[in-house]
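Asker: One structure coming up, written as structure tokens, with questions to follow.
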């Protein structure tokens, strides 16, 4: 496409966009009342339409505008006379004010309202005439029917839009006329009727216009769609009553019958009608395209849709052993199957929140289908009994609302998520009630007095326990989510059993010096009692964990629990007794008890092995299923595992099972080798020595160890080793999974193209690879090309349109410049040149290089050609120039000119054949020839001979020709050809011309006479023009294009796309035959589009978002300015002058943030890609092939306007954004609503779903109704309501995002749905691969078809800052390498909130794409993966396609996000899904699941706990004196085991093991050198500090959530972090999660330093403690190290002032935590709500008392006294200190009347305290060191007291000590803050620290910009300079 054509296409698109846009360029809603009609007005669609037309015609005819406004007012008055609805009064008042304004502007004189109808009638006629209605329609039809319409698609689109707008206005005018006047003149009536017939496509529809067939929408012409519509026709059904209305535009169908019988809502019926037609038509198109004349739906298609839609119902019937509604599936007719499918989807479409209960829907369907059968048998259409009510049938009111009300009541009882899960029923509890036959006790219609419908009474809050009166509520079902860590053991007991038994076995072997004798074997047999005792513990937990659900659980399940308890209780007692007896008789050579014990153990182990291992093999599983008829086998299986409705047959094919089994056997082998040789074995001898030590002198009063073989010393030695033993399996998993993932990626050919150089090198392979993977082979003709054209040229011709569209999209996104676009574009490769033409960026400068080689070369022709051919693209450039020059000259020359060209080329070919090119031609004259050809092409590339005088002047200067001789460029071109002839003839040729004497003589004669080249045919053919322009570029571009494109993102995208062409993927099907899909994006209130004020708003440093983006993306900013026609040096005021340019700027900035606009643009690429693919595939379609010339076969100009391509894309792709509060935002006129409307206007296929809340007054009470609505932009750019479905109540009962998804999922379409978060992006080139990805649903991925297709992500926020890059790299390694391994071989990949593609029908019939129960499902996305796996789904992962993803970029944002995820994992530990997966997976798959979900977080927590265990052990050894004594007696403490333990912990701390997947991922995709550079750069940017800090975040939130709950959604903002975070804000966020714990570690390290004994001195201490110091310092200072301007002195001063104000502000009612320390402290304690939580906090706080107990015995003053008296006296001293503290902090408010006395007492107290200390130092053994040691002792004790007091806050308040506790807490927080603040203040003194930090945090470009901005800011008061 030429540059001019490209500009024209852009102009057409812009014009069409303006046609649709109703808001201005700023995205503001238009003025007037249109769009602001209150939703409470039932008929607001009509009112809104009338007001829109009134606004539109205000300038043309104010009188008619006034009439319309008055009519709208009267409608509003009739609908709500008393203005009771929300917003109605304001609306009516405003509308009346507007009417009065219109009246005030009228001409003088009274208004004759009697003529209003006449005026309206006259305006109707004049409006028709003005817009020439008849001609308008005729012109559109002519364009549509024209054979050449494909070249005028833009014009057709404009005509269609204009016609729709005109007829929309006429439609409104007609409705007003009909309402105002019943006696319309006959002529006008005929006119209106004729117009009405042309407005059928104005009826609101979603995708397929079923209620009013459209002649402009080609979708209804498709045979498969017509076949599906025909299949739903009303046949052999009971006669409908005459009063039931059916639109005249369509015939009755089965949906009308179901609508009447069950009382479904009309819009629900319309929605599901389209849904079923869509499903059937797409299913049909995948089988075959029906006959166009009489399309019929294939029976197999109906069967497939029926089977998939009702698969869950069929399985439910089988599980409950009940008969489905059909007696024999084979006997069910095609029509009956469609009835069942339609009924099910109508139930599902109106079920609202009950959609989360899939088996409840099965129950409803079961009974309603029976009712339907009964009505069909009677052949009389009548209302169903179950849905009948006083006002007719209502499915919503009679069936759904009773269920909703009880679910809502339970949800309301959860105290906004604060109540324990065990005290209220969630969605799962309600659904699982329908897993037993007891559900049929609900009867049909509902038996509403049944206990299931019993609503709980309001909760009663007790003092120490949040709970309710359990006697007035129904219990849980099947499972109770008790808040305890015991769930980890209960769910994964097999793992803990295995680890404990292996540890026991390894210890026994080690203590027996690894000798295998009878003693060792006897001791190893102790594993038997261990096994049964741990199983007994599990059975006890079964009983405990089910508490709260016994009343509702099936009796068989309870019986199983009790039987297991009795069995394992008896077994543990019996086996333990046998083992003890066997030990007692161990000296007897032949013990019968011993033999009996061995026999029992062998039999039991064999049975367990069979059940655990063999049943997991597919063959054995089938065998045991066949053995189910044997009661004994069935009993054993039932005892071992309860049978749930979900989780059946969770085995994999043998090959997959063996793969992940071998994977884990390798890991376990490495893990246990490490454990034995480096952990357990080295500790054996030291343990024996410590146990044998006696008469150890303890420094303190010992209670435990002295008389128990130094038990605590042994425990301190073994505890860290045991902790490492439990967590190191995750370390080994990390390493081995990284290696495996690396190998998998290499096998899949990832990283083959790692650089731009690779793209250049391999480009010639791309067309064939593209044809093999992404293109559909076209039948029949091959673009009408010449039959013998090489396959490579054919591939290039088909590849070029797609490549060029990719390049154009990169330009539109401003990643490349105009020049780069021209270089990257690929020629169409027409058939006239018999070679492949490659893009210019491959051939640039190659001609000049070849010319230099030819000039310098003086050897043989073969050597010359061999040198040129060393560079393939140089060879291609030479060949192309050679062929193109010949082609162009032959096209523009006539007569002798053509003869000359033929002669020259024949001579060249003869010379080449003779290998005498060097002799026949003077190659040193090549520059002359090239210059003449270049000059000629420079003239010919202009549009017309006279179009460019500058080019003519250049030729004149070149040839020194006078202007009089060449009046126009035509003469210049003639002269150029003549000069070229002369150069070739006289300078270049050295051949013997006598051989062709006649020819040369003729040419010479013509040249001498001036006839030669006297007439040129100026290039007019577009193809010829492109060739001229291309040749000119080839001959003039001297610079290499090796670095094109320059932009890193453009490079990355092209590299990944071209790499993916060589990866294995399913072959693509034609668009018409591909699977259909939807994209689904939930949105709440995030950024849609940045406003101009937001972009210009500066922070305290003077940095605005716009400035930030300009510095981060300088090349993209330059390209943007060029695109909108501004110079890169233009001032900003020029940019802000034009509204259009402001809008473009807003979009440019928004496309670089995490905004909805970016997501929508990315997802709409799917539609664009499908339109292009469908458009180019049209050559294979016989119906329109004749309309397309051969030249247009690869021409994509205007493909977006092709009606067929658009219809095909719309049938296959739907995009729904569910903007939950869009209705509320519109009502409040929020900017977000205007921006969303703008997105709809710019994207015609975009649909927005939202919840509309309507308030009305009924009987004096406010009544709320909720509607789920779907809207699109109409022809006027306004919201057009498509569907409005009433809900039973407020849909937000659980977590917000899944509830938002659930209400709108009914509007999605297709076989698949892709879940996209609103911070994601997509790329056009990736969208081309979507149909390949969808074919994975039909590929072989195991014994089950895929139900979720995992998709790779690219994190696009990595360039924002160093933190963003850390997060990006960490996330990238998980979403690529990590998920690659999870899917293969481990088979445990879940859904993680990423852009996965769901089997839509599978999931919507099984509860949806997420779970929504409050708090427990806070990580809602992963539960869809759990649910899919439990319901026999299969989740795969694919990396040949990727989607963009944004991540949080600031430390606080990242911490909030990681806190949310860690809290969500804490809740997962409690969930039934994790329990069932842990129970039902085989052992190896269970380990995979554990270590990649909750186990990862538990191991993370254990990593931190290991540090605590080690340091507390060291503190014990130091303070008790045992460590020193033992080391003096025997040098055993510096052993290999402790070193190995601490080294492992150290490596974990600095993130080496965490970094292994990242490093291997880098190596795979970037190459070794780049990977090393990236890793070293990250280390220099202190990534280890970040990862260590994140370790603390995950540990804190995971542990706290399991102990206390409190997990909640954290809104992170997702914005650009360019502002400085205040010290107090960081302190509030990290005080309890990091600072307190970090200071505790520092305290332990100081104690160990002060009192520990180490032979190695300082070096030994450093080696043992360096990782702990690193962790502590990272936790304390990372928030300030990664804080923008964190070490700037002025900021530090302001931060200190702000922090002290916050700390000292007393607060009060309504004061938030960010304003007052007191309010914040109360918020920090809010999570401690339950009695068990308070007890746990108390127990955990006791650790702080060890410091005082140990240190007081180390004081000089106590001498050698170790009695308890010393410790008691220390408490007396502490009490005195607390009293003194109370004296000095006595409330001034209380003491206002005793100020003098208080100050006197405080003074005396201070003097007495100082005197006492002085006397004690002088007269006793108390030293100054003792004073500091006492502080070290009392500080943690005080903190421990404070923690316990805070945990028992209600008690403290009751006894009046709470104020004192709060004062003490304030003191501690002040002290901790100062400890952290002082180093920051010291660093802030040095300016270079701030500079270093800025460079550390941001990339160089922005750092430079930031510093310049600070300088230029000058006196900006906000900069702090």
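Just so you know, glycine gets a Cβ as well, placed from its N, Cα and C.
Here's the feature list from TrEMBL:
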type     : residues  : note
DOMAIN   : 335-447   : domain '1,3-beta-glucan synthase component FKS1-like'
TRANSMEM : 495-511   : transmembrane segment
TRANSMEM : 531-550   : transmembrane segment
TRANSMEM : 562-580   : transmembrane segment
TRANSMEM : 592-614   : transmembrane segment
TRANSMEM : 660-678   : transmembrane segment
TRANSMEM : 722-746   : transmembrane segment
TRANSMEM : 1489-1511 : transmembrane segment
TRANSMEM : 1635-1653 : transmembrane segment
TRANSMEM : 1659-1682 : transmembrane segment
TRANSMEM : 1735-1752 : transmembrane segment
TRANSMEM : 1764-1784 : transmembrane segment
TRANSMEM : 1867-1888 : transmembrane segment
Asker: Within this structure, do the transmembrane segment (1735-1752) and the transmembrane segment (1659-1682) have 3 or more Cβ pairs under 8 angstroms, counting pairs 6 or more apart in sequence?
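Answerer: Judged by the Cβ rule, the two regions do not touch, with the required three close pairs absent.
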Asker: Look at every Cβ pair spanning the transmembrane segment (722-746) and the transmembrane segment (1867-1888), keep those 6 or more apart in sequence, and say whether at least 3 of them are under 8 Å.
Answerer: no
Asker: Counting only CB pairs under 8 A, let me know which of 495-511, 592-614, 1635-1653, 1764-1784 has the most with the transmembrane segment (562-580).
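Answerer: Comparing 495-511, 592-614, 1635-1653, 1764-1784 against the transmembrane segment (562-580), the winner is 592-614.
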Asker: Short question: which residues 6 or more past the ends of the transmembrane segment (1735-1752) have a Cβ under 8 Å from it?
Answerer: 699-700, 1512, 1515-1516, 1518-1520, 1603, 1643, 1647, 1651, 1728, 1758, 1766-1767, 1770, 1774, 1829-1830, 1832-1837, 1839-1840, 1843-1844, 1846-1848
Asker: Are there residues at least six beyond either end of the transmembrane segment (1489-1511) with Cβ under 8 Å to its Cβ atoms? List them, or say none.
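Answerer: Those are 488, 492, 495, 719-720, 723-724, 726-727, 729-730, 733, 1378, 1382, 1386, 1388, 1390, 1422, 1462, 1465-1466, 1468-1469, 1474, 1477-1478, 1481, 1541-1542, 1545, 1548-1549, 1591-1592, 1594-1595, 1598-1599, 1637, 1640-1641, 1644-1645, 1648, 1667-1668, 1671, in sequence order.
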Asker: Give, as a single whole number between 0 and 100, the mean pLDDT over the domain '1,3-beta-glucan synthase component FKS1-like' (335-447).
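Answerer: The predicted confidence over the domain '1,3-beta-glucan synthase component FKS1-like' (335-447), as a mean pLDDT, is 91.
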Asker: Hey, does the transmembrane segment (1764-1784) touch the transmembrane segment (660-678), meaning at least 3 C-beta pairs closer than 8 angstroms, sequence gap 6 or more?
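Answerer: The transmembrane segment (1764-1784) and the transmembrane segment (660-678): touching, no.
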Asker: Tally of helix, strand and coil residues over the domain '1,3-beta-glucan synthase component FKS1-like' (335-447) according to DSSP?
Answerer: 80 helix, 5 strand, 28 coil
Asker: Is the transmembrane segment (531-550) packed against any residues at least 6 beyond its ends, judged by a Cβ distance under 8 Å, and which are they?
Answerer: 422-423, 470, 475-480, 482, 486-487, 489-490, 493, 496-497, 500-501, 558, 561-562, 564-565, 567-569, 571-572, 575-576
